[in-house]
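Novice: Sharing a structure, written as structure tokens. Questions coming.
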Amino acid sequence: MVTVDWRVRRLGQAAFTVWAVLTLSFVLIRMMPGNIMGAMITRMTQQGINPGRARELVELRMTIDPDEPLLTAYGSYVVDTLQGDLGQSVYYGEPVTDVLAGALPWTLFVLSWAVFISFFIGISVGALMAYWEGGKLDVGLTSYAVLMGSIPFYVLAILLLIFLSYRYGLFPNGGRQPIGADPGFNLVYISGIIHHAALPIISMLVASGVASLGMRGNSIRVLGEDYLRVARLRGLSDITISTQYVARNAVLPMYTTLLISIGEMFGGSIVLEQVFQYHGLGWYMLSATHQRDYPLMMGGFMVITLAIVTALLLADLTYGYVDPRARRAQ
Amino acid sequence: MTRESPSPTDPGDEHELSTDIKSTPETERNGAADRPVETDGGNVNSPFEVVSEFEETRRDRYRKLYDAYVYAPVSIIWRDWRARIGLTIVVLYLLMGTVGTVLVEPTNVAEGSALINPFENAEYILGTDGHGRDLLSQTVHSTATILKMVVSGAVCTVGIGTTVGAIAGYKGGMVDTVLSSITDVFINIPGFPLVMVLGLMFDDIILGNPYAVGVLLSVAAWGGLARAIRSQMLTLREESFVEASQAMGMRTHTIVFKEIIPHLMPYVVINLTNAGRRVIFEAVALYYLGILPFENLNWGSTLNLAYQENAHVRPGALHWFLVPMVAIVFISVGLTLLGQSLDRVFNPRVRARHEKTTSPADPEGEPDDTTNANDMMGGI
């Protein structure tokens with residue numbers, strides 16, 4: 001076997017994923033029975049546009065020519081997409097790339113805070129549960145974690161919206177930025193943005209329940225290890241043991257959970273942004289789906305995929321710095 | 001490492017142990033399970049014993065199977081409070097989806113007056129929605145639909161994940177490379193958006209077919225399980241019992257699915273409940289967003305209607321949201337608790353202890369581990 005550097009292999013895997021998704025989306029648009037392209041042309045013809053013109057419009061919007069042979073169409077579609085041309089939105093009349101580029105930062109803003117805070121809470125709670133394993137606090141916190149894991153985030157989101165926003169008016173009931181404030185780096189605008197993002201972020205914190213159960217399991221496993229017994233015999237202080245020995249070893253496996261939850265949260269942002277009418281990536285993708293704005297919908301799908309692939313790639317490449325064992329194993 | 005092979009958790013031993021357990025109900029049957037009988041063979045002369053010793057009717061066989069696969073597991077997990085609650089909840093929903101649909105009549109528009117609050121009217125215990133439809137009836141009748149989605153979704157997810165992961169891990173080489181690459185693609189693809197796009201394209205198949213919804217949702221969900229199963233397979237395939245099976249000339253198919261997979265059963269079953277929960281969450285989300293078409297109301301489409309008719313703004317309409325929400329949260333609490341406690345059923349040590357003594361004296365496996373560790377310390 002030829003040994004390739006694992007980073008190169010990992011990069012190749014990411015490229016393969018992107019290619020696979022590109023191909024899948026081409027199949028959905030052009031080849032599948034009842035495909036998107038056919039649906040678009042039928043729709044336009046029904047609206048009174050003659051078929052020839054409709055085909056031209058479809059070509060403009062989807063960057064796929066319906067009359068070209070499959071292979072040529074596929075080739076030019078892949079090249080176009082890789083160059084950043086995702087077609088043109090039917091509803092907004094703008095290039096899909098422009099629409100989505102305006103939305104992406106907002107989604108990233110909400111999601112990064114949601115991931116960060118929920119894992120912080122999850123790890124702390126999990127460590128507490130493990131420390132008092134079997135005690136009253138453990139039972140109480142475990143029940144809390146089970147309940148958190150059983151509430152879908154959108155249920156919590158709707159409840160928060162009803163109570164904190166409509167009933168008590170503590171938070172705005174939709175939108176992503178304060179009305180009337182100057183966009184820019186001033187206090188009113190920044191605090192307004194945080195105010196608008198607060199409820200979506202809080203709704204995502206149900207993820208902390210799952211994280212804390214994982215952390216609890218890891219910590220208990222580490223607590224049973226022999227090296228911990230040795231550390232106690234050596235007379236190390238409790239603080240050293242808990243931070244240097246238990247915490248570090250228990251947190252590291254959580255990294256994988258974190259990665260998977262990033263992907264799930266991106267998918268979840270579609271529901272979340274609908275509930276709060278937060279105009280991010282998910283909101284645009286959903287409204288495109290409802291308006292049968294296929295270029296925007298497929299573009300959104302592509303951008304979310306790219307975001308997840310990139311996030312996972314970066315995380316994998318940097319994992320060696322977090323966990324020295326992984327570097328050696330590679 | 002002195003710990004490695006002779007430790008009690010050695011898979012070979014586990015294997016023997018599990019056959020022991022299977023034979024336990026058998027000996028119980030031969031010794032008349034109805035009354036407490038000494039194992040010294042004191043009353044072999046009883047005519048009942050003679051009959052059951054020589055011929056085994058079909059009914060006996062079913063009873064044995066019931067003992068080994070239903071009675072014993074249920075009585076084991078019944079000791080755990082989490083399992084008790086979880087099992088009760090799941091059974092409750094099963095009853096609601098089967099018997100409940102017969103008992104509770106389906107509801108129609110303008111059956112009662114609009115937005116009756118819960119617990120005010122005896123006829124509409126959970127109240128009515130904005131069109132005067134009974135919310136209790138909506139909840140009960142959508143349970144059957146949701147349960148069908150859960151079953152097909154969970155079985156598909158776990159089936160595909162286990163098969164792909166097991167084959168990739170066992171075969172290795174080129175097969176592994178190909179299957180792992182496919183798995184990685186599915187792990188990386190954003191599941192929910194993919195399901196959304198597919199749901200839009202196949203809406204004619206999905207309409208009124210809950211099984212299809214389950215299958216659709218499993219498309220994006222099996223990747224993680226396949227990866228986990230594969231990595232466990234990599235260690236299991238090095239075990240001696242696999243080598244023995246290979247030496248006996250068993251077919252690969254038999255080795256993987258009859259010999260190795262049973263060792264992964266705990267993991268697989270726990271994932272079955274997780275997959276079920278996931279199916280509920282995603283299906284309800286899709287119906288809530290109004291992406292999947294529906295004929296009959298279910299929890300998600302009830303939420304969708306409530307949102308569209310501004311129940312979150314209107315006063316006195318809160319229960320329109322709350323009733324389906326409670327239904328969702330309650331069943332997923334049940335599934336979570338059940339999944340957490342199921343590992344005990346498959347833990348051979350807990351099982352064996354339960355079969356031998358029916359007293360709840362020593363329920364956990366932890367004490368064993370501690371003594372083990374103590375021995376180790378002495379060894380060092």
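Heads up, the Cβ atoms here are built off N, Cα and C, so glycines get one too.
I grabbed these lines from TrEMBL:
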- B:12-38: compositional bias 'Basic and acidic residues' (COMPBIAS)
- B:143-339: domain 'ABC transmembrane type-1' (DOMAIN)
- B:1-48: region 'Disordered' (REGION)
- B:352-380: region 'Disordered' (REGION)
- B:85-104: transmembrane segment (TRANSMEM)
- B:146-170: transmembrane segment (TRANSMEM)
- B:182-202: transmembrane segment (TRANSMEM)
- B:208-229: transmembrane segment (TRANSMEM)
- B:279-297: transmembrane segment (TRANSMEM)
- B:317-339: transmembrane segment (TRANSMEM)
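Buried or exposed, and what's around them? Tell me for each listed feature.
Specialist: Sequence-distant contacts of the transmembrane segment (B:146-170) (same chain, at least 6 residues past either end, Cβ-Cβ under 8 Å): 93-94, 97, 176, 179-180, 182-183, 210-215, 217-218, 221-234, 236-237, 252, 255-257, 260-261, 264, 268, 271-273, 275-276, 278-280, 283-284, 298-299, 331.
Remote same-chain residues near the transmembrane segment (B:182-202) are listed as 164-165, 168, 212, 216-217, 219-224, 226-227, 230, 282, 285-286, 289, 291-292 (criterion: CB distance under 8 Å, separation of at least six residues from the stretch ends).
Same-chain residues lying 6 or more positions outside the transmembrane segment (B:279-297) and placing a CB less than 8 Å from one of its CB atoms are 106, 133, 138, 141-142, 145-146, 149-150, 153-154, 157, 191-192, 195-196, 199-200, 203, 206-208, 213-214, 217-218, 221, 303-305, 307-308, 324, 328, 331-332, 335.
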